[in-house]
Amino acid sequence: MKTLGEFIIEKQAEYPEAKGELSGILSSIRLAAKIIHREINRAGLSQDILGVAGSENIQGEAQMKLDVFANETMKKALLAREEVAGFASEEDDNFVAFENDRAKNAKYILMTDPLDGSSNIDVNVSVGTIFSIYKRVSPIGSPVTMEDFLQEGRKQVASGYVTYGSSTMLVYTTGNGVNGFTYDPSLGLFILSHPDMKMPTEGKYYSINEGQYVTFPMGVKKFIKYCQESDEATKRPYSSRYIGSLVSDFHRNLLKGGIYIYPTSTVYPKGKLRLLYEGNPMAFLAEQAGGMATDGFNPILDIKPSELHQRVPFFVGSTSMVKQADKFMQECAE
């Protein structure tokens with residue numbers, strides 16, 4: 001039995017030049033995940049932490065009370081260790097520069113969707129936390145700048161998510177494979193339960209909000225029809241599974257094989273998901289597990305961000321399924 005802490009130390013020892021900053025950040029995320037896990041498990045017993053907070057994020061979306069709690073928990077956990085120079089969240093209008101001397105000398109910045117799928121909390125459906133870590137590009141010792149956050153996803157040094165469901169799991173990569181750890185609340189420890197995770201090349205699930213079908217581009221409509229057709233050679237029809245929480249849908253497809261799609265639409269002409277907080281971290285995980293992630297045409301990780309809350313169409317999952325979806329998109333664009 002190997003704990004997350006032991007695994008982090010073991011991996012750090014493989015890099016003699018490492019000074020432990022990244023390990024410290026992962027430990028901060030581990031602590032935040034435990035606190036968020038505890039609060040989510042109390043949600044049904046305390047109305048104080050359920051429902052709408054009465055505020056909106058920069059996207060104009062109503063913030064749930066647990067959105068605000070998870071965001072502040074992540075921020076405080078990172079501030080306590082002073083291993084990151086700056087922090088950006090889907091829930092905040094702008095990035096936060098950590099101004100104390102040690103933080104200003106830190107090498108890394110972190111971006112997060114602190115509680116993905118939070119609208120599901122009231123009905124006891126799985127939610128998650130997504131995170132993404134980069135090396136800063138601004139001079140060490142100075143406050144972070146916008147350029148530190150507007151980096152291509154290919155430059156991530158680590159990304160991951162925590163899924164709060166029937167069990168709580170932390171899944172992450174540092175660019176050398178994907179590993180999953182299940183939380184044992186009786187011990188207060190994350191235990192390595194899913195070493196070297198691989199996404200099946202072929203899948204049998206497609207995850208998309210079909211209630212929005214009439215708003216989708218033709219390429220997506222044709223792919224949905226393809227998924228529903230019978231064909232023994234490709235083991236179709238595929239099964240439709242859509243939870244409404246990116247982390248939950250992605251996690252199932254990582255284990256079982258499948259594709260998750262949130263495309264452009266007449267309602268969201270640029271897509272709905274955020275490139276920096278959702279697209280890049282999940283795309284990095286997918287590629288590290290042998291999967292694929294695109295915007296329907298090009299790899300997500302190659303997109304150069306132009307703004308902090310940039311939206312993106314998102315196709316992620318088993319390689320064969322993403323390639324097939326991209327093929328329909330490209331044919332309909334010609």
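Every residue, even glycine, has its Cβ placed from backbone N, Cα and C.
Sequence-distant neighbours of LEU115 (Mg(2+) 1 binding site) (same chain, six or more apart, CB under 8 Å from its CB) are ILE36, MET64, LEU66, ASP67, ALA70, ASN71, ILE121, VAL127, GLY128, THR129, listed in sequence order. The Mg(2+) 1 binding site annotation in Swiss-Prot covers GLU90, ASP113, LEU115 and rests on sequence analysis.
Sequence annotations record features per position, and here Swiss-Prot assigns Mg(2+) 2 binding site to ASP113, ASP116, GLU278 based on sequence analysis. Of all the Cβ atoms in the protein chains shown, 28 others lie within 10 Å of the Cβ of GLU278 (Mg(2+) 2 binding site).
Its Cβ taken as reference, LYS272 (substrate binding site) is surrounded by 19 other Cβ atoms within 10 Å in the chains shown. In the three-state DSSP reading, LYS272 (substrate binding site) counts as coil. Under the heading substrate binding site, Swiss-Prot lists ASP116, GLY117, SER118, SER119, ASN209, TYR242, LYS272, citing sequence analysis as support.
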Shell list (Mg(2+) 1; ref centroid = CB of GLU90, ASP113, LEU115; cutoff 8 A): ASP67, ALA70, ASN71, SER89, GLU91, THR112, PRO114, ASP116, SER118, THR129, ILE130, TYR277, GLU278
Minimum Cα separation from GLU278 (Mg(2+) 2 binding site), reported as the residue among binding-site residues GLU90, ASP113, SER119, TYR242, LYS272 that achieves it: ASP113
Per DSSP, three-state class assigned to TYR242 (substrate binding site): coil
Distance, ASP116 (Mg(2+) 2 binding site) to ASN209 (substrate binding site) (CA atoms, angstrom): 16
Other C-beta atoms that fall within 10 angstroms of the C-beta of ASN209 (substrate binding site): 15
DSSP-derived class (H/G/I helix, E/B strand, else coil) of GLU278 (Mg(2+) 2 binding site): helix
Of the binding-site residues listed as GLU90, ASP113, ASP116, the one whose CA lies nearest the CA of TYR242 (substrate binding site): ASP116
